[in-house]
Amino acid sequence: MDGGLAFPALVAARFLLALAPSPAVLKHDQLLSSPLTSFSRLQEGIFLFENGIDPYSGGSFRHSPLLLSLFSTVLPLTRLTASLLWTASDAIGAWALIHIWRSRQNVKSSPRDGLLAAFYLFNPYIFLPTLALSTSTFENTLYLLSLLFACQGRSSASLLTLALLVQLSLPSVLILFPVVLLLVSDCVSRLASPRPFAADIRKTLPLLAEFAAYSLLLTIASTLACGNWSWVEKTWGAPLLLPDLTPNPGLWWYFFTEMFDHFRPFFLMVFSVHLLIYVLPICIKFQHDMLYASFLLLGVFATFKAYPTLSDPGLFLSMTSLFPEIFPYLRHPIVTALLHLHASLLLPLFNHLWLTQGTGNANFFYASTLVFGMANGAALLDAVWAGLRIAVGELKDGYEVVQE
Amino acid sequence: MHLVYLVLILCFNLSRILALESREQFDEELTLRPLRDGKLGARFLFTTLLKGATPRRPEALLTMTIHYTLFPLALGQVLREYAVTELHLTLNAGNWNYGQWGYPDEPGVGTGAELWAWMGDGAPITIDERWQGLRNALAGLFCASLGSLDEQRTTSPSLTFQPEGSLPDWTTAHQLRHATLPSEHVCTENLTPFLKLLPCKSLSGIARLLNPHKLFDADWHGLGVHVRYREGAGVEVRLAFQAVFDPVRYSHDKRRDWSLHSVFDRSIDKACPVARSSKVRVGLPKDRYMISPDPSVIDDRFATYLVGAAGEALDVAMQWPEEPAFQYLLASGAEPLTDISVRRTLKGSSQSQAQMALVITNNLPVQVQASYLETMPWLLQFYLHTLRAYVDGVSRDDLVSIISYSPPVPHSRPTLLQAILTLPPNNTLQLTMDVTKTFLRYTEHPPDAQRGWDLPPAVIIPFSFGELLSQNHSMPAAAGPALETRPRRIYTPVMLVDLATPDFSMPYNVIIMSCTLIALIFGSVFNLLTRKFVVVLVDEPASKVSPIESATCG
């Protein structure tokens, strides 16, 4: 396939798909958009904002004030502009993915470009949320852009996109650590030849300060845009306090629906800290390849974050195409693939049976989120195993790798 | 000397009591209206006026002792304690059928409990704290779950619930608090404390007819407590009981003839001695009827009896001798009795999304403006940007203007939506709006969660009528006499929303299973990250482990 033509062709196909009439049921699908990313809630917030009512005074609008001011001033949201904008965001994401690959391989172009773009643009976990106009599409694009700029060593651009991303979704601040380390090192693949972290760790301090400055600036901008500080609790507080228990493919909602009231704060703390706890070990273990560490952390977030949608695991799965060297070493690829297939069939089916058909109950959907959690966990474990296993290299017959 | 002194004191006290007694006056009235669907509407009204009194200023201290003879003391203490200027409490069961019964004599007919109060600001204790104290005190007084009317139900829709009396001219402003609890029911345990507030209890006067066995068998019944301040007159308490009976159901031969005895199983045997006036008014139907005994006063709309005038038990009876059996009107042939008719529904079978539809028909040949109020608990959240108005299938968004909207906050505050609707003459306006249903914690669901949640009624008030009205357009016939001059509230029936329920038996299972999955992944990841990779020879059985290569960096 010619890499030069494949990308425009794929993007064009996606635009056609976006303009084709999509069923309205997608917009309210709980798998594709969470309360933090739902398009209907974004429209409601913009409507209230334009009519002089503070959208953050209520509990349903939880988008960032940046999105609010963007869509209420610069870009009026209609069905058409929204479809085009969301698809363009995906196209930028695919473009970033291709360029991350190029800088990782240190080449100007590669025959894999078309494949990478296809793997991103036509991953159903990526394009279905885009058709549902979930703002998680923008989060994915910003993730990829931030990683791309970090790979290219453009620290300001990378930190600014990351600061923007943190405005949209607070848990992504955890990716800051590997991104900063990636900025002071490089993104060339060293999975097969691990070595201690080469660069000077003290060089990260000015980068962290720069990130803090951008974040502060954007926070002030958000506060000015909405007029008060109430947005902080509504947007950033939501993933920590879980005020909205709308079902999603993650593990939090049913756990906290069924949680005893006096244990709720404790378990909220445990679940939030649990996300945090992966950052350092993964960064230390994969200090030779920070891009891989960021990739693994995205897998952790996709499994364990508070309000995931399908596009979070979608990003993780699409990013596996950046690391073809690990494919021979995946531990149980068939099992993982079947688990994902199983979950992707069960999730919409049981959601429909419970909420629309009324013939199933909440446990059906909960069970399918457990399967989905298993599938994401298995994919994560495969990636961790393969990333470490690759360093051992090819084995002679009769030998096998185990852990001590 | 001592004796003279004693007599003087006695005289003084007696004169004070007499003076106090004349400061309070008590009137009672029973209004009975045969309705066109064969039912009988009854409204008991007990009015006590405390002449010259003013509501307590919120900042004033509670020093003066109070002495009431007729005014209900239990209620008076509550009013003084929380410095309430105006108070309305209604407890109703059933849906008021505006189409067949017309406007009610007492406007507050929303299903369930409704409490609203105007209170002055400026006290060291805030209005919200006094509101909380008030509803708890009333909950105790009336044995109703009014304590549940908490901040999750409380709004301040001051456009719709204007004070019925006057507000004292204090320097500080008055504020409204309003809450509804549509699932609250009314029954004997609420009627008993209600009767205790009456000076004659249910021993004499028209209150004698308040027989719980019959009242709570009625198709619709509700009690109301209304306190208002009338400038220049004093503080007035109106205790009202309203019911709609079905004489056709009681009779053996499907006739709608009724008498006090057949409806209430009692008659009025003696008048309440402290009542200044005690009347029974009977609305006169348009067709041929017979009424007995002969009324004291009769005009073209009402026959009035003065209780105790005849000196014997009063048992009013009305008969339609030419009618062998009551013929029900066909619903389609009946002309509506109200200016506008309202229907509100929740569409859609999904437990996460729905569409709310409001259909308002203007029955007048003139354009009507009406205010529209929704006080929705946060269980149902509006997508206001999807609000659309249609007339004859044509989009007419210009007919709706939103006056105020406060979005709901989960677990704390309800939605308040106040809008002005313009209703074209003799036409139907349809409003639709997408709503989303929330998902609750398992502890927030009520017992029998699958039944769903009652949502409070919407309130519509037609307030501005077009030009034709002045040119002698006849108002619908059943207009109630009580509040003819003021805009009349129309309550929609309550809605039932079914929210998705979790499995209530699952808390431990969910905690165990979710934690197992998390621990499994966490443990596996850290197992991979922390243990060294070694290469072993597996072909030779029971061979030694040969760490050829150890390829880790951690």
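Placed from the backbone N, Cα and C atoms, the Cβ positions cover glycine too.
Note that TrEMBL annotation is computational and uncurated.
Remote same-chain partners of the signal peptide (A:1-20), defined as residues 6 or more beyond its termini with a Cβ less than 8 Å from a stretch Cβ, comprise 80, 83-84, 86-87, 90-91, 94-95, 98, 109-115, 117-118, 121-122, 127, 130-131. For A:1-20, the entry in TrEMBL reads signal peptide.
If you look up TrEMBL, you'll see A:80-102 (among others) marked as transmembrane segment. Tertiary neighbourhood of the transmembrane segment (A:80-102): same-chain residues 7, 10-11, 14-15, 17-19, 39, 108-110, 112-113, 116-117, 119-121, 126-127, 130, 133, 137-138, 140-141, 144-145, 147-148, 151-152, 187, 291, 318-319, 321-322, selected by CB-CB distance under 8 Å and a gap of 6+ residues from either end.
Among the features that TrEMBL reports, transmembrane segment is placed at A:114-138 (among others).
What TrEMBL lists as transmembrane segment is A:158-184 (among others). Beyond the transmembrane segment (A:158-184), the same-chain residues lying 6 or more positions past its ends with a Cβ under 8 Å from any Cβ of the stretch are 36, 63-64, 66-67, 135, 138-139, 142-143, 145-151, 197, 199-201, 203-204, 207-208, 210-211, 214-215, 217-219, 222, 235-236, 239-240, 275-276, 279-280, 282-283, 287, 290-291, 293-294, 297-298, 301, 305-306.
Under the heading transmembrane segment, TrEMBL lists A:205-231 (among others).
The annotation transmembrane segment is assigned in TrEMBL to A:266-284 (among others). With a cut-off of 8 Å between Cβ atoms, the residues of this chain six or more beyond the transmembrane segment (A:266-284) that come close are 171, 174, 177-178, 181, 239-242, 252, 255-256, 259, 290, 293, 296-297, 300-301, 304-306.
According to TrEMBL, the transmembrane segment annotation covers A:291-310 (among others).
For the transmembrane segment (A:330-350), the list of distant contacts is 29, 31, 124, 249, 317, 360, 364-365, 367-369, 371-372, 374-375, 378-379, 381-383, 385-386, 389: same-chain residues at least six beyond its ends, Cβ to Cβ under 8 Å. The annotation transmembrane segment is assigned in TrEMBL to A:330-350 (among others).
Residues 191, 247-251, 254, 257, 285-286, 289, 292, 295-296, 299-300, 302-303, 313, 316-317, 320, 323, 326-327, 329-333, 335-336, 339-340, 342-344, 346-347, 349-351, 353-355 of the same chain, all 6+ positions outside the transmembrane segment (A:362-388), place their C-beta atoms under 8 angstroms from a C-beta of that stretch. Per TrEMBL, transmembrane segment is recorded for A:362-388 (among others).
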